[in-house]
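According to TrEMBL:
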DOMAIN    41-274  domain 'G-protein coupled receptors family 1 profile'
TRANSMEM  26-47  transmembrane segment
TRANSMEM  59-78  transmembrane segment
TRANSMEM  98-120  transmembrane segment
TRANSMEM  132-156  transmembrane segment
TRANSMEM  192-213  transmembrane segment
TRANSMEM  225-244  transmembrane segment
TRANSMEM  256-276  transmembrane segment
Amino acid sequence: MEKRNLTVAREFVLLGLPSSAEQQHLLSVLFLCMYLATTLGNMLIIVTIGFDSRLHSPMYFFLSNLAFVDICFTSTTVPQMVVNILTGTKTISFAGCLSQLFFFVSFVNMDSLLLCVMAYDRYVAICHPLHYTATMNLCLCVQLMAGLWLVTYLHALLHTVLTARLSFCASNIIHHFFCDLNPLLQLSCSDVSFNVMIIFAVGGLLAITPLITSTQGKQRAVSTCSCHLSVVVVFYGTAIAVYFSPSSSHTPESDTVSTVMYSVVAPMLNPFIYTIRNRDMKRGLQKMVFKCTVFQRN
């Protein structure tokens with residue numbers, strides 16, 4: 001019990017981005033701009049979908065939820081990283097580290113599962129258009145979202161509890177800009193084999209579910225859902241590099257770059273990918289801007 005209490009009271013040191021102090025300040029400004037772009041862009045998606053009744057369909061219902069999750073996703077890590085750099089504070093309490101881990105795992109899994117549901121929605125629309133309205137009804141969409149939140153929170157809670165039971169009796173320096181699973185497991189002096197097994201088992205399942213499996217609909221799906229597939233490639237390509245590549249290929253620098261790609265860059269690109277190449281969203285934006293302009297003139 002005494003050893004556990006010492007573990008709970010331990011603080012960690014977040015080294016941040018692998019760069020000099022001067023470069024970190026420049027990067028903090030860059031990341032702050034990216035965070036603002038992510039927040040404003042995804043908020044614009046939510047407002048546009050809510051404003052235009054023509055966008056009140058299952059596809060845009062899930063897209064608005066993805067936009068909300070992306071805002072929460074980046075808010076879990078980027079603001080604290082910027083504050084730590086600007087204030088020179090690098091320590092984080094064990095409880096604060098676990099809280100950040102819980103919310104990060106929750107939102108990264110929610111992002112993953114939403115991409116899966118959006119892929120299923122497009123699969124039904126493309127391959128079974130006559131049954132789309134009956135299949136993707138409002139009740140099913142709400143049930144899917146409730147189920148996704150339950151699964152993600154339970155999964156995040158599992159990782160958080162397993163991490164909380166570990167002992168950290170060696171170094172407390174985390175070579176990362178937030179409390180992620182792999183850096184914490186590397187610091188632990190406990191047996192982490194079960195934790196690693198859970199990462200591979202559940203993470204592997206989440207990695208393959210967003211794929212569209214219909215042989216008949218593959219060619220048409222690729223041509224119609226190129227935007228969605230590009231998001232999947234960016235998100236999963238870099239996430240897999242962090243969690244499923246051989247440990248010998250891992251370095252703090254490569255892991256940080258890959259994590260930045262799927263946790264910061266991908267959420268920032270989503271508004272551009274889902275609006276610039278989407279006619280309905282562009283029409284909705286134009287309609288909203290026009291009505292706002294008319295309202296201001298009157």
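Glycine too: its Cβ is placed from the backbone N, Cα and C atoms.
Between the transmembrane segment (59-78) and the listed ranges 26-47, 98-120, 132-156, 256-276, the one holding the most Cβ pairs under 8 Å is 98-120.
Confidence in the domain 'G-protein coupled receptors family 1 profile' (41-274), given as mean pLDDT, stands at 82.
Sequence-distant contacts of the transmembrane segment (132-156), counting only residues of its own chain at least 6 positions beyond either end whose CB sits under 8 Å from a CB of the stretch, comprise 58, 61-62, 65, 101-103, 105-107, 109-110, 113-114, 117, 121, 124-125, 202.
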